[in-house]
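To start, the structure itself, in C-alpha cells.
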Amino acid sequence: MSTERFDCHYCKESLLGNKYVMKEDTQYCTKCYENLFSNCCEVCSLPIGCNCKDLSYKDCHWHEQCFKCAKCSRPLAEKPFAAKDEQLLCTECYSHEYSSKCSTCKKTIMPGSRKMDYKGNSWHETCFLCHRCQQPIGTKSFIPKDNGYFCVSCFEKQFAYQCCACKKAITTGGVTYNDKPWHRECFLCIGCKKQLSGQRFTSRENYPYCLDCFSNLYAKKCVGCTKPITSLAGAKYISFEERQWHSECFTCMQCSVSLVGRGFLTQRDDILCTDCGREK
C-alpha cells in the first residue's frame, strides 16, 4: 500500500509530521518559506519568521519586539504612534519634540487634541478664553484687542459704541452725527424714514431730514410753480416783497419772457415786463 507524498514545494523535503506554510495553495517548509518570502526587520535586519508577528507601516516591517519608539524605546505594538524623519515615536515623545505649546498654560498640545491657532500662537481649546468673561471661546467668533481676545458679546459691552437710535452695539462701520454714533441703517430721515447714510441731508432743531422732506416741510414755495425753493441743491431764486420765485419761473405773466436781470412792473399780484406793463 503506497502513501501519497506531501513535500515542500521548493526543497522537496517531506512535510509529514512537520510544520509548513501555505502560500497561494502551495505548501512550503518553514525554512524555505522564510528564505523565499519573509520580510526583513527594519531594526535588526533579520527575517521575520513564521513564529513572529510581522508589524508593517508604509511598506516597512518590524519584529514585534523591535517595533519601539526611537527616543524612549517604549513598545509601540497596539499603541498610537507618529512618524517623523523616518523615525517612529510614541505620542509622548513626538509631542515633547515637535508639538506646539499652549500659549496660556505652556503645556504641550497633544496630537489629535482640539486646539486653537491664531497668528502663530496655539492654545488648548479649553485654554483659549475670553479676556473679560473667562469663558472658552472655542470655535465662536472673537475680536482681538490690546493683546487680549474677547468674545463678541463681551467686546460689544466693553468697547463698542452704542447706536443712539436702537441702543445696540455698533460693531462695523457706523455714522457720527452731532457727535453721536448711529448704525448706518438706523440713521434715517425724521420725516420719510429714508436711510441718509451716503446721501445729502440737512437738519432742523438737530433732527436730520432728507432734502425732499426738508423742502416740503420748511422751504419757501415758488409763486410761479408752487414747488419748494431750496438752496441746498444749488437752486437760484428771486425774492421780491416777501414772495419768491425759482429763477426759471420769474417770467412775465403776459408774454412769459424771463425777467431775471431786467426791469419789471407789478399789477396787483402779477409781474409784467415793461413792454406788457405799458400796454396795460
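Every residue gets a Cβ built from N, Cα and C, even glycine.
TrEMBL labels come from automatic prediction, so no person has curated them.
Taking H, G and I as helix, E and B as strand and the rest as coil, DSSP gives the domain 'LIM zinc-binding' (39-99) the counts 11 helix, 20 strand, 30 coil. Among the features that TrEMBL reports, domain 'LIM zinc-binding' is placed at 39-99 (among others).
According to TrEMBL, the domain 'LIM zinc-binding' annotation covers 100-161 (among others).
Computed over the domain 'LIM zinc-binding' (220-280), the whole-number mean pLDDT of the model equals 82. What TrEMBL lists as domain 'LIM zinc-binding' is 220-280 (among others).
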